[in-house]
Amino acid sequence: MSGIIDASSALRKRKHLKRGITFTVMIVGQSGSGRSTFINTLCGQQVVDTSTTILLPTDTSTEIDLQLREETVELEDDEGVKIQLNIIDTPGFGDSLDNSPSFEIISDYIRHQYDEILLEESRVRRNPRFKDGRVHCCLYLINPTGHGLKEIDVEFIRQLGSLVNIIPVISKSDSLTRDELKLNKKLIMEDIDRWNLPIYNFPFDEDEISDEDYETNMYLRTLLPFAIIGSNEVYEMGGDVGTIRGRKYPWGILDVEDSSISDFVILRNALLISHLHDLKNYTHEILYERYRTEALSGESVAAESIRPNLTKLNGSSSSSTTTRRNTNPFKQSNNINNDVLNPASDMHGQSTGENNETYMTREEQIRLEEERLKAFEERVQQELLLKRQELLQREKELREIEARLEKEAKIKQEE
């Protein structure tokens, strides 16, 4: 089926001008998930150093700050199509006992890029050099546990899926056998379906899509989550094989681009060739338009804005002791005995509690929206002030130039 991807990629290339393309992808995963190695493998060169922040069993630290690191790489394929790939790495994600700040940092970054577009669209004269920083795709790396999603995985996709195209990826899939990998994929997709998590599943319009694209998208859906293998090493194999990027084992060298054992090549082609424009269009026409409509109408920008304050998420185990009410899919209720002993009072208390929780949730939603709109208004005012200062400075420079020219003209006349 990989031939379908190649044919579809060639067809889509002919539909677009051969000019520079800018594409932004965010790589999210816990330390040890292979983010840095995957970035280097994706770009075919050393872009970032491998992470050294893997926590040891004896490490007693509970808080590690998330960092957003941006790298820009220019790629060019065999047909001369240039892609400016903006990569956002997320070292420190999921390495704390309380990971809610990490969610907020990533969410705020994505929202800020939308706000910048919204601000640019509101200007009378737009900046021709304005750079669109919107994140077109988020690759979420899942550790190969052989099980389904952990709580942190569920919460991240639940909270960020309405803002960015999330594609789930099983990293370091060579650590699993074929049967284990097949089971791992099945369990992950069952969790995604069970909790109705919003991921990018290569959507399409049945009335407009061609038969070839339909077959391609359906094939890509069967591969979710993609299973990848990365490597920072390049080996010279000799003969017709030439140079490969692979991983060395006692029994030989594994080619990470071998589609029979890894989905890496298919994922790379989907990201950078066949579905690059689809991801960009979906970001602009669906995700951004939804954000824009809700922001201007004063409604909730995303589904998570109506949730109570985030509680602590365990970044290392799905058996977390988190006490979030009605939002933890992995925690069973422990109030069964109380319900049996005193059902009437419990129902009354539950009703009152739910009403209070709904009221507080609504108040929190309104407060968050007011803060966001206030910050947006302040940013607009600041932009206007800076533009006004630039205009005044420009007028001053023009007056000085005019005065100098007049002075030079008078000197020439006197001579």
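If you go along the chain as it appears here, the first residue is 1 and each next one adds 1.
Backbone N, Cα and C define each Cβ position, glycine as well.
For the residues THR62, THR243, THR327, THR352, the entry in Swiss-Prot flags phosphothreonine at a single position: THR327.
Within the list SER8, SER107, SER305, the entry that Swiss-Prot describes as phosphoserine is SER305. For the region 'G4 motif' (171-174), the residues of the chain that approach it from at least six positions outside its boundaries are 29, 33-35, 38, 141-144, 181, 227-230, 247, 254, 261-263, judged by C-beta separation under 8 angstroms. DSSP places the residues of the region 'G1 motif' (29-36) in helix, strand and coil in these numbers: 2 helix, 0 strand, 6 coil. Secondary structure of the region 'G3 motif' (89-92) per DSSP, as helix, strand and coil residue counts: 0 helix, 1 strand, 3 coil.
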